[in-house]
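*Asks:* Got a structure for you, questions after.
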Amino acid sequence: MIFYVIFVAYSDINKFSLNLSNFNSYYIPIILVLIFGFLVIQGIRQHILFKKISVDISMKDNLLIFFSGLSMIATPAGSGGVIKSYFLKKKHGYAITKTFPIVFVERFHDLLAIITIIVFFSLFSEIDVLSLIVAVSILLILVFSIVRTKKFFHFMAKFLLHIPKLRKLAPRFTESYDSFYSLTSKKVTITCWAISIFAWSIQAIVIYLIFIAFGLNFDIAFTTIVTLSSVLLGTLSFLPAGVGITEFSFVGFMTDSGIELSVATSIIIMVRLLGIWYATILGFITTKYFLSR
């Protein structure tokens, strides 16, 4: 919160307030419905992944667990989503070591979908993000290749032995490898990739509508590339919700394109408010309901 106060003050708080007052609130209900749809689709993707590792729960419980996990979305690379494994353990008895790899597979598919969408829209835009995409793609392939090996999980098991509170998880870490290997099979990867592209395409529409609500008539290729490239950089920073990196990257892209600083700040604040923080609030509400059952 302190970061955003400083961020807004730096961009000129008076102009920022004026920009917000000019935001067309007519679009807010549409945007919130689309974001909710985006989240539900991601929840369906989670259900497919659960089925792959024989986690047999109803779609209702699956969505409750997914939305509860959103309460921890504002963590480094969304890793706080591992709390979903705790809920599965608490409510359905599935071992945490069996289910936690799903969180990292979900993040992998999100990044893969974002890269795919950026590459697609780059065909219709003059914005040069080729170096960013190549670098991130190489990093993603490298990390994926390392993590999918059994040696990596053996290393992690040995590492856990040196942490008293986590030592008891080490013997069951082989189960995590089996889950991760199943979750990254060719068929599952292609299916989840397609679902993720569909979900993030909805997010691209949301971003475009936010620009429109501010009275900025940029094409969807521009709005998507600029915003998702910033989200990509923020995710790779491993800061909670990419705070700071995402905002400064976005403002940098926008000002380089001739957009006033206060306008760029207003847009990214609204994107974050209607994205990360809306999802987080939904997460806390769902968690309270889910744990009270």
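Residue numbering: from 1, along the chain as shown.
Cβ coordinates are placed from backbone N, Cα and C, and glycine is handled just like the others.
Unlike curated entries, TrEMBL annotations are predicted automatically.
Got these off TrEMBL a minute ago, pasting:
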{"type": "TRANSMEM", "residues": "25-44", "note": "transmembrane segment"}
{"type": "TRANSMEM", "residues": "64-87", "note": "transmembrane segment"}
{"type": "TRANSMEM", "residues": "108-124", "note": "transmembrane segment"}
{"type": "TRANSMEM", "residues": "130-147", "note": "transmembrane segment"}
{"type": "TRANSMEM", "residues": "190-214", "note": "transmembrane segment"}
{"type": "TRANSMEM", "residues": "220-241", "note": "transmembrane segment"}
{"type": "TRANSMEM", "residues": "261-285", "note": "transmembrane segment"}
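Where in this structure would I find these features, and how exposed are they?
*Replies:* Counting same-chain residues at least six beyond the ends of the transmembrane segment (25-44), those with a Cβ under 8 angstroms from any Cβ of the stretch are 59, 62-63, 66-67, 70, 106, 195-196, 198-200, 202-203, 205-206, 209-210, 212-213, 274-275, 278-279, 282.
Non-local neighbours of the transmembrane segment (190-214) in the same chain are 19, 22-28, 30-31, 34-35, 37-38, 41-42, 44-45, 48-49, 105, 109-110, 112-114, 116-117, 121, 220, 223-224, 227-228, 263, 266-267, 270-271, 274-275; each lies 6+ residues outside the stretch with a CB under 8 Å from one of its CB atoms.
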*Asks:* Have the transmembrane segment (108-124) and the transmembrane segment (220-241) got at least three CB pairs under 8 Å, pairs 6 or more apart in sequence?
*Replies:* yes
*Asks:* Do any residues, 6 or more residues outside the transmembrane segment (130-147), come within under 8 Å Cβ-to-Cβ of it, and if so which ones?
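*Replies:* For the transmembrane segment (130-147), the nonlocal Cβ contacts are 104, 108, 111-112, 115, 118-119, 122, 180, 184, 229, 232-233, 236.
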